[in-house]
Amino acid sequence: MQKIKQLASKDRHLTRLFAIFLVVTAVMCILEPELFLSVANFKSMSLQFPELGFLSIAAALVMMSGGIDLSVTGTAMLSGIAAALIMKQNGGSEASVGVVLLAILAALAMGVVCGLINATLVARVGIVPMLATLGTMNLFTGAGIILTKGTAVTGFSGAFLAIGNGEVLGVPVPLILFVIAIGVLAFFLNRTKLGYKLCVYGTNPTASFYSAINNTKVVFSTYLVSGIVSSVAGIIMVSRVNTARADFGSSYGLQALLVAVLGGINPSGGGGRASGILLSIITLQFVSSGFNILRIDSVWKDLTWGALLVGIMVLNTVGARRRPKKKPVKEG
């Protein structure tokens, strides 16, 4: 019992998140056990949450640096549109595997471009992250509307649709990609120099500077990686629904930030855990699935996301104020 208490006090964010997960699961098992625990429901969730998961990773990385990226959904959809247009102009539903690969590379390249724009504005020019990414969010969305002329681009080949709907040994491809991404994130944060520098910079930029860390390079790299990860989300989204629209997935922006904060990422900067992101995204997907099963209006879902984000922020802030400060060690 004592070990459980020590573990809970050591990581309050993860403990709180796990408690929310258990409560949500218990409530749905009581209200709609047959529907919630069905194989079809879990398969549906495993196809849906990976795309939000990639956006959440992108948002979390920037948040660890003490910044914010409001353009993750804009980047995702502009990248997806780039892939969609290439396939549409080169065979459409009959596009070859080579064309599909070219489309994927184009989407990733678009993610790099979007990431470079954000990185330059924030790290080089010095614009406040919220204002910079708010501007680029509208810039990327507007570019998507111009490229698609405000219409939906549809009709892609089976090879591309397999990314968002296919299975490997019964396991959905999007889920496999997300699990790999979580593993890469854990390795990045715990085993790479950039991951270490990101956590140090996010915790204390001044200390990072005096530790011979190139702060500008760290911030620049973070926004660049965020753009690339967002483009992967765009590929999965477009593939899953067989449609590319500039405004599709816009509701994911708030959810991505919520996943990051709920997963234990401090919006002011600092470290984070891949396990927190994983548990957070699963918890939110359970809540979303519960809303759908209970046929609750989507308006209440948006209200819930907003209330959760504000509530978690309040709990984190109050908890930080009440946490006892360590007494300085006396010399001698």
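Just so it is clear, glycine is given a Cβ too, placed from its N, Cα and C backbone atoms.
Look at TrEMBL and you will find 17-42 (among others) tagged as transmembrane segment.
According to TrEMBL, the feature transmembrane segment maps to 54-87 (among others). Proximity of distant same-chain residues to the transmembrane segment (54-87), defined by a Cβ-Cβ separation under 8 Å and at least 6 residues beyond the stretch ends, is recorded for 95, 99-100, 102-104, 106-111, 114-115, 118, 122, 129-130, 133-134, 136-141, 143-144, 147-148, 153, 156-157, 160, 178, 181-182, 185, 198-199, 201-202, 205, 218-219, 222-223, 225-227, 229-238, 244-250, 252-253, 255-257, 259-261, 263, 265-272, 277, 280-281.
Feature annotation from TrEMBL assigns transmembrane segment to 99-127 (among others). Sequence-distant contacts of the transmembrane segment (99-127), counting only residues of its own chain at least 6 positions beyond either end whose CB sits under 8 Å from a CB of the stretch, comprise 67, 69, 71, 74-75, 78-80, 82-84, 86-87, 90-91, 133, 135-136, 139-140, 157, 159-160, 216-217, 219-232, 234-235.
The transmembrane segment annotation in TrEMBL covers 169-189 (among others).
Look at TrEMBL and you will find 218-237 (among others) tagged as transmembrane segment.
According to TrEMBL, the transmembrane segment annotation covers 249-265 (among others).
The feature transmembrane segment is assigned by TrEMBL to 277-296 (among others).
Residues 12-13, 16, 251, 254-255, 257-258, 261-262, 266-267, 284, 287, 291 of the same chain lie 6+ residues outside the transmembrane segment (302-320) yet bring a C-beta within less than 8 angstroms of a C-beta in it. Annotation comment: TrEMBL describes 302-320 (among others) as transmembrane segment.
Note on the transmembrane segment (17-42): residues 262-264, 276, 279-280, 282-283, 286-287, 289-290, 293-294 of its chain, located 6 or more positions outside it, place their CB under 8 angstroms from a CB of the stretch.
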